[in-house]
Amino acid sequence: MKVITSISQMQQEVQALKNDKLSIGYIPTMGYLHEGHVRLVNKAREENDIVIMSIFVNPLQFGPNEDLDAYPRDFERDREIAKNEKVDYIFYPSVEEMYPSKPSVTLVVQKRVDVLCGSTRPGHFDGVATVLAKLFHIIQPTRAYFGMKDAQQVAVVDGLITDLHFPIELIPVETVREEDGLAKSSRNVRLTSKEREEASVLYKSLKEAEKQIFAGERDIEVIISNMKNTISKNSSGAVDYIEIYSYPELENLEILEGKFIIALAVKFSNARLIDNLVITL
Ligand code: AMP
């Protein structure tokens, strides 16, 4: 496994792989790897000749009051995990390498961002789209792997790939969970032990909602209010949002039908957790 920190060196390696007509599976991450990331790697390993993972905590996607400095990092541990999972290349650029000066061009995402995390994290998806456009140009993957835990990100990347004509196949990967249902996340380490126990209620509330829907409940307000009750009764976390939209368009639904997402964000003392379920009726 090679660790590459320079853009030009990464480009040279990619050019050689392309000359050899090898397919490239790409997993963009912010590091502090867990089994969620590993699942993406495993899928990429199965489907491509070469697996490239990037580790880059992208300042552009963090708001002024967000956890950029506090975001957990441990490159040596990540390197070991990636090596064990047979990653071929880690692209690990510094902030200076990716943004040597104030960017002259950034992207603005026009659709699928006025709801969910997009509405509470203004500019977040612009930062995600901008860094991914740069990374896609550098790595030129055949397939790019994204976790459905960040379902809005998958919807935004779908728009990015389509609108900017990246010849990349987007592969969404199902959320990997702890035994009690909590979605694996690098931010889970910032929960207190009490909060960690409580946090299983997020997925529980989603599964309860799914059950109610399959039993015939169609009133979106009722479903959301039941979820709010479940979460507030069973945890100290503050609900940031619980919303239901069509997926992947993320538009308001008149009637609960077709493919839609139930998504939530809950703030604990030191970590804001998100989770979702996509349901097809
Ligand atoms: P991050 O390092 O948090 O930016 O995540 C990198 C990629 O891993 C993103 O595509 C995430 O959606 C994905 N990911 C994070 N957590 C999970 C999980 N629990 N299950 C599946 N994919 C995940």
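Counting starts with 1 at the first residue shown.
Backbone N, Cα and C define each Cβ position, glycine as well.
TrEMBL annotations: computationally assigned, not manually curated.
Some features that TrEMBL has for this protein:
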type: ACT_SITE; residues: HIS37; note: active site, proton donor
type: BINDING; residues: 30-37, 147-150, VAL176, 184-187; note: ATP binding site
type: BINDING; residues: GLN61, GLN153; note: (R)-pantoate binding site
type: BINDING; residues: GLN61; note: beta-alanine binding site
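Known features from TrEMBL, placed on the structure.
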| residue | record | Cβ contacts under 8 Å, 6 or more apart |
| --- | --- | --- |
| MET30 | ATP binding site | ILE55, PHE56, VAL57, ASN58, TYR71, SER186 |
| LEU33 | ATP binding site | ARG77, ASP78, ILE81, ALA82, SER186 |
| GLY36 | ATP binding site | GLY147, LYS149, THR175, VAL176, ALA183, LYS184, SER185 |
| HIS37 | active site, proton donor | ILE27, THR29, MET53, ILE81, GLY147 |
| GLN61 | (R)-pantoate binding site | GLY123, HIS124, PHE125, ASP126, GLY127, VAL128, VAL131 |
| MET148 | ATP binding site | VAL154, PRO172, VAL173, GLU174, THR175, ASN276, VAL278 |
| GLN153 | (R)-pantoate binding site | PHE125, VAL128, PHE146 |
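Secondary structure from DSSP puts GLN61 ((R)-pantoate binding site) in a helix. Proximity of the binding-site residues (LEU33, GLN61, VAL176) to ligand 1: a Cβ under 6 Å from the molecule is found for VAL176.
DSSP assigns GLN153 ((R)-pantoate binding site) to a helix.
DSSP gives LEU33 (ATP binding site) a coil state; it is part of no helix or strand. Under DSSP, SER186 (ATP binding site) is assigned to a helix (H, G or I) in the three-state scheme.
Neighbour density for SER186 (ATP binding site): within 10 A of its CB lie 20 other CB atoms from the protein chains shown. Cβ-based neighbour count (10 Å, all protein chains) for VAL176 (ATP binding site) stands at 18.
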